[in-house]
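Read through the structure below, which is laid out as structure tokens, and then see the notes.
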Amino acid sequence: MDIAIQHPWFKRALGPFYPSRLFDQFFGEGLFEYDLLPFLSSTISPYYRQSLFRTVLDSGISEVRSDRDKFVIFLDVKHFSPEDLTVKVQEDFVEIHGKHNERQDDHGYISREFHRRYRLPSNVDQSALSCSLSADGMLTFSGPKVPSGMDAGHSERAIPVSREEKPSSAPSS
């Protein structure tokens, strides 16, 4: 049984019809047509704001799954190469850091950096952790769980990011 753990603020009571501008801010992504023509969305209601209707795989949102046999983290890092990513395990936490220096794109210069930290369950076998980056930019961090009586082994170490040639098989929510 897979359990999808997501941040609670993404589960809105009214779904995509809830007028929220704070969570619809995607810095460095460019403007959409309705951003330039706000009167089109205000003809419906002055309080209505069109949602961006982005999927989990398209918005940079991470997904954590923990079932009886394994622990998996899916993270969209499509703007980063494996050389730009650092994955470390320190005690009960996995830290994923991505940074690429300033480079030129169609609109000028851009640089990106993120830092995510996740708590590992106590029964994850830290000696068997793996991390891979799919062709479509989905980082998958996974590790098997051990029975509760066995030692999971806690230490600090870096996890290498391997490159996969096929797209991710992560489910979109």
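Going from the start of the chain as shown, residues are counted 1 onward.
Each Cβ is built from the backbone N, Cα and C atoms, and glycine gets one as well.
According to Swiss-Prot, the feature deamidated glutamine maps to Gln6, Gln50, Gln90. Swiss-Prot lists Ser45, Ser122 with the feature phosphoserine. According to Swiss-Prot, the feature domain 'sHSP' maps to 52-162, an assignment based on sequence analysis. Feature annotation from Swiss-Prot assigns Zn(2+) 1 binding site to His100, Glu102. Per Swiss-Prot, the feature compositional bias 'Basic and acidic residues' maps to 153-167.
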**Prompt:** Say you check the Cα of Gln90 (deamidated glutamine) against those of the recorded positions His100, Glu102, Ser122; which is nearest?
**Reply:** Ser122
**Request:** Take the C-alpha atoms of His100 (Zn(2+) 1 binding site) and Ser122 (phosphoserine) and report the distance between them in angstrom, rounded.
**Result:** 32
**Prompt:** Mean pLDDT for the domain 'sHSP' (52-162), as a whole number?
**Reply:** 83
**Item:** Cβ packing number for His100 (Zn(2+) 1 binding site), 10 Å threshold
**Value:** 15
**Request:** Take the C-alpha atoms of Glu102 (Zn(2+) 1 binding site) and Ser122 (phosphoserine) and report the distance between them in angstrom, rounded.
**Result:** 38
**Request:** Could you break down the residues of the domain 'sHSP' (52-162) into DSSP helix, strand and coil, giving a count for each?
**Result:** 10 helix, 60 strand, 41 coil
